[in-house]
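Engineer: The domain 'HTH tetR-type' annotation in TrEMBL covers B:1-54. Positions annotated as DNA-binding region by TrEMBL: B:17-36. TrEMBL lists B:192-217 with the feature region 'Disordered'. Taken from TrEMBL, the feature compositional bias 'Low complexity' covers B:193-205.
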There are 2 protein chains.
Amino acid sequence: MTAARRIVDADGLEALTMRRLADALKLQLPAIYRVFTNKQTLLDELAEAILAEALPDGRGDHWTAEVALLAGQLRTALLAQRDGARIVGGSYAAKRNTLTYADRFVGIMRQAGLDGTAALWATSTVFCYVLGEALEQQGQSADALDRLDRNAARETYPQLFATPVEEIVNFDERFEFGLGLILDGLRQRLHSAGPAEPGAGRARPAPAPPRPGHRPS
Amino acid sequence: MTAARRIVDADGLEALTMRRLADALKLQLPAIYRVFTNKQTLLDELAEAILAEALPDGRGDHWTAEVALLAGQLRTALLAQRDGARIVGGSYAAKRNTLTYADRFVGIMRQAGLDGTAALWATSTVFCYVLGEALEQQGQSADALDRLDRNAARETYPQLFATPVEEIVNFDERFEFGLGLILDGLRQRLHSAGPAEPGAGRARPAPAPPRPGHRPS
DNA sequence: ACCTGAACACCGTTCAAGT
DNA sequence: ACCTGAACACCGTTCAAGT
């Protein structure tokens with residue numbers, strides 16, 4: 001597994017072939033299939049290994065801090081591995097670590113006061129957003145911004161070039177901004193009863209009754 | 001191009017090979033390279049073709065309606081093509097249609113009252129979120145939910161199974177929920193001066209001065 | 001100028017044959 | 001029971017040779 005990650009880190013996901021992995025492990029090619037039955041299961045386990053780093057050790061004192069921590073740690077885990085977002089996004093297995101991550105996230109949102117369905121959807125919203133951001137960041141080639149003809153583009157895309165376009169590539173602040181939007185949206189749903197009281201905190205405990213029509217099988 | 005899309009729709013992105021495309025076009029294999037210099041340029045043009053459908057014809061009367069329209073149309077375009085999210089997410093070219101989309105989005109956000117950088121980041125937030133959701137939706141195999149052992153999972157992931165988990169797969173409402181969170185966050189930033197007045201609308205026009213330190217070259 | 005046959009250097013995967 | 005050599009059926013890409 002570490003050998004596989006090293007290959008991807010060095011030469012990208014395309015370079016990860018069963019043959020190169022066998023070479024790195026000083027095995028003959030068919031011996032790999034005794035460890036991984038498939039290339040897909042290899043990729044699935046790679047996704048698992050990446051997501052193992054997505055769970056923060058500590059805990060935030062407030063649900064907003066906890067969500068920021070979980071989202072940030074997931075992002076860090078994806079970015080720590082070259083092509084990490086593509087690996088995780090391309091693995092469609094019910095990954096154990098994804099479920100652990102989701103379980104913790106859902107727990108925080110329910111404790112904050114969201115009902116079950118909203119807690120579930122909030123989890124998927126943050127997960128999808130973080131994945132999308134990491135995918136874009138890792139896909140951006142270094143010279144992508146410089147490659148387009150600024151003078152021509154300035155006339156074709158006037159609105160876009162009325163902004164400081166270099167800020168697209170300010171990934172850290174860009175991520176904080178987007179996450180902040182989602183957090184604000186969540187805050188608003190938790191305070192929906194009374195008028196918005198910015199930074200007041202202290203959410204009601206969740207009743208969160210599971211739906212009556214929930215089939216157990 | 002339509003031949004390529006037909007192959008992907010029929011048998012998935014993996015089935016799109018230069019050989020099969022040549023067959024479908026009743027050409028010999030090397031003749032394809034007279035049209036597309038690369039397989040990557042073929043994929044880039046595929047991404048372009050998908051994104052061409054992402055721009056809505058009409059316009060919303062309010063900025064919230066316009067954002068919902070743009071996000072929804074992008075999602076529809078991605079979902080309309082099998083593996084559409086993977087194709088668009090895997091293409092790192094400065095796509096013309098992406099820029100057109102971004103230009104319109106940025107324009108709306110600036111008109112709503114956001115400054116240039118915020119308008120840029122808001123665009124990328126929505127784009128990344130929509131892409132992430134579509135990626136997850138298209139990656140979900142039909143039986144993914146049924147495959148995991150519910151009884152064992154109920155004990156390992158208690159928070160998760162305290163919710164109606166089938167709702168993860170309710171993609172349309174899940175998307176509306178997540179987009180709603182982002183929209184609420186944007187609304188809040190536009191009303192940051194006074195106290196929140198839900199649904200009041202009427203944002204201040206944007207001054208949006210381009211940064212002084214902006215290098216033209 | 002355009003198209004083609006044939007090949008190159010790779011893939012993932014399998015399997016009979018060895019030890 | 002484990003490992004290996006060799007092959008199978010594919011890939012993307014190239015190029016000398018034809019018309």
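In case you wondered, yes, glycine gets a Cβ from its N, Cα and C as well.
Since we're looking at a predicted model, the values are computed, not measured.
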Engineer: Which bits of the chain, at least 6 residues beyond where the DNA-binding region (B:17-36) starts or stops, bring a Cβ under 8 A of a Cβ in it?
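Structural biologist: Contacts of the DNA-binding region (B:17-36) (Cβ under 8 Å, skipping residues fewer than 6 from its ends): 3-4, 6-7, 42, 45.
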Engineer: Looking only at the DNA-binding region (B:17-36), what are its DSSP counts of helix, strand and coil residues?
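Structural biologist: Split into helix, strand and coil, the DNA-binding region (B:17-36) gives 13 helix, 0 strand, 7 coil.
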Engineer: Need one number: mean pLDDT over the domain 'HTH tetR-type' (B:1-54).
Structural biologist: 94
